[in-house]
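Novice: Sharing a structure here in structure tokens format.
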Amino acid sequence: MAREQPQLAERLLLQPLLAPLRRCSEATELALQDLTAGAVLVPEAELGSCVEDVLKVFVVGNDSSSLLLGSLQPVLGVVFSLYSFARQNVSYLRSPCQDILLWFLEKAEREQALAVLGGLAGLSSHVPTLHPRCQLQVGSEGGAAVVLQETISDEDEALYQKISLEQCHVESLVELVSHCQKSGLAGDFFIHCLKELTQVAAEDEEAPNPAVEPGGSLLELEQHQARQGRKLLVLQLVAALCQGVSDTVFTDIEQVQQFLAAVLQRACAHPARGPGAAAEAQTLAMAMGLVAAVLGGAVQLKSSDFAVLKRLVPLLEELSRSYPEPLTQELASDLRIAILTHGACSAGSLGTAAHGLLGAQPGTAAPSPAGRAPSPPAHRDSSSTGQSRGRDPGASAAPRAPSPAPGGLQELLESACDPQPPARAAALRHLASLVTQRDPEAARLQEKLLQVFLENVQHEDAFVYLSAIQGVALLSSEYPERILPVLLAQYERPAQGKEDTMAAVTRMKLGEVLMRVTRALGDMVFRHREPLIRAFLRGARDPDGALRASSLSNLGELCQHLGFQLGSIIHEVTCCVTAIARTDPEAEVRRAAVHVVVLLLRGLSEKVTEVLRDVLRDLYRLLKHVATAERDAATVLHAQLALEELDAAMRRVLFPPQTLEKKIVVLP
């Protein structure tokens with residue numbers, strides 16, 4: 001009927017179907033004078049029936065005609081508000097609302113879908129949202145009802161509710177977008193938000209601040225506040241997308257180019273100055289580093305991909321002329337040349353420019369990321385000759401790294417000490433992959449590899465020390481008998497002098513290494529049970545509170561892995577945990593001590609009464625004491641969780657589930 005008689009279908013079918021949603025939409029004029037606060041605008045049964053009918057007609061019917069899409073778009077804001085409300089509460093409406101929204105985003109044109117997402121985020125008025133006087137209320141049947149909201153007289157309370165609602169909507173939108181990564185919509189929306197951020201920042205620079213300049217009118221002040229609110233909303237949205245969407249957000253080189261163009265356009269429009277210069281420079285460094293990584297082989301480029309990347313050439317040329325930092329100008333010029341020559345002239349020039357950027361101002365935050373961005377292509381090109389000699393001619397071009405000749409491994413070891421963090425991290429990850437492949441040359445130099453990894457664990461850059469942690473963990477899981485004693489000795493080494501803080505941070509990183517090794521060893525960790533527990537117990541008595549909490553967290557995870565293999569050492573663990581939970585001055589450490597008990601009970605499950613029979617009473621008394629006397633709310637929560645675990649375990653032992661069996665006996 002929608003295809004043959006679209007006008008009748010819309011008037012007689014679609015409008016009555018969507019009437020409950022339209023009734024509470026922002027675009028609908030409500031007769032507020034006839035309604036009192038708390039009046040039910042849409043009952044729970046009517047709203048639930050409407051959502052289910054919309055799901056059946058639109059999603060199950062799966063007819064993506066322009067009539068259906070056009071009629072559904074005006075109520076998507078209400079559906080999204082309902083979806084966001086259902087995420088925060090227990091409601092069966094969450095799944096159907098999510099299916100309706102995802103169906104529309106999938107079937108609509110890309111520009112229309114992006115406009116709808118922007119409207120749901122509050123960046124535009126393409127999608128009418130829930131009326132500001134309407135409020136969703138939890139229903140008695142697991143659904144929701146729309147009621148008229150009471151007017152809030154307290155301005156602070158109204159502002160708090162508004163900010164909380166915006167935060168909830170942003171989180172819901174990010175979760176919704178995370179389901180659209182395969183289609184490329186997530187990447188396009190991320191680029192759309194970056195362009196929006198560039199536009200908002202440009203408008204903010206052009207418009208004067210009426211709060212600072214005298215003689216500003218009230219209208220100008222309101223417009224300035226609206227611009228600032230929009231800017232904060234875009235920043236919040238970009239930050240949430242960066243955290244909530246995985247690294248597969250970009251599905252093709254076209255999206256990567258659009259992302260880079262958005263960042264470079266922003267740098268060209270207003271170079272980094274003022275208090276936000278460091279963040280702006282880091283963003284630019286990330287973009288230029290991504291260009292260098294793409295040219296350096298992170299992505300297999302074809303001639304058509306270079307045609308796409310050439311769209312960045314005008315922006316890089318403008319950046320090389322107008323950016324205030326001369327070394328960044330040089331780097332932009334080198335990147336432009338590398339794109340135009342299809343990477344043929346990238347190695348030496350990019351490496352020199354990056355090294356100059358890094359060494360020019362080592363104390364500042366802005367040039368450092370820009371300087372270290374393009375280093376991977378240089379090291380890739382410098383080590384490609386040595387690697388190609390050791391490669392099997394018949395091997396296919398697979399992502400797995402080839403086994404290098406001794407010269408190539410030596411170059412990797414040298415790169416692992418490079419002053420540029422990206423080159424150092426790339427070398428560390430390559431060395432870790434060689435350990436995973438059990439390369440014979442890497443096995444012969446395992447002590448040298450361990451030394452290199454341990455030195456990089458102390459590095460300040462997160463990309464470097466996380467790569468080093470991964471390398472040490474892989475090396476230890478492959479050769480635990482040799483490597484674990486060295487790690488335990490480093491972990492138990494006390495801090496001296498002024499290096500207390502740095503030593504505590506390094507020991508916490510080594511604790512993370514030990515836990516990764518524990519997970520990798522699995523049941524074989526029993527052979528190293530006593531030295532590991534002894535190291536963590538010593539760490540639990542360290543003067544540094546953060547290290548004590550970290551050691552207790554590691555101890556709890558180790559006990560969970562060991563389970564019934566704990567043996568008599570459980571007495572030492574119990575005494576340590578009890579003393580810390582009762583007497584430690586820092587709430588974070590007491591919280592970690594109680595969390596050890598939670599993990600221990602979860603790991604033992606039904607074997608609690610067997611393994612902990614001698615200390616179960618002491619643990620129970622400790623948990624009851626913490627639940628009643630502790631002032632830290634998080635610690636009390638951990639104690640309550642542990643009591644629930646203990647209660648569930650004891651109920652399983654005392655009241656085992658009864659199984660009903662049906663037997664058929666054949667009489668003789």
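A Cβ is built for glycine as well, from the same backbone N, Cα and C atoms used for every other residue.
Heads up, TrEMBL stuff is auto-annotated, nobody curated it.
So TrEMBL has the following annotated:
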COMPBIAS  362-373  compositional bias 'Low complexity'
DOMAIN    1-183  domain 'TANGO6 HEAT repeat'
DOMAIN    409-524  domain 'RNA polymerase II assembly factor Rtp1 C-terminal'
DOMAIN    615-648  domain 'RNA polymerase II assembly factor Rtp1 C-terminal'
REGION    360-415  region 'Disordered'
Novice: Looking only at the domain 'RNA polymerase II assembly factor Rtp1 C-terminal' (615-648), how are its residues distributed among DSSP helix, strand and coil?
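Specialist: Secondary-structure composition of the domain 'RNA polymerase II assembly factor Rtp1 C-terminal' (615-648): 30 helix, 0 strand, 4 coil.
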Novice: Across the whole of the domain 'TANGO6 HEAT repeat' (1-183), what does the mean pLDDT come to? Round it, please.
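Specialist: Within the domain 'TANGO6 HEAT repeat' (1-183), the model's average pLDDT equals 84.
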Novice: Per DSSP, what is the residue tally for the domain 'RNA polymerase II assembly factor Rtp1 C-terminal' (409-524) in helix, strand and coil?
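Specialist: Counts, helix then strand then coil: 98 helix, 0 strand, 18 coil.
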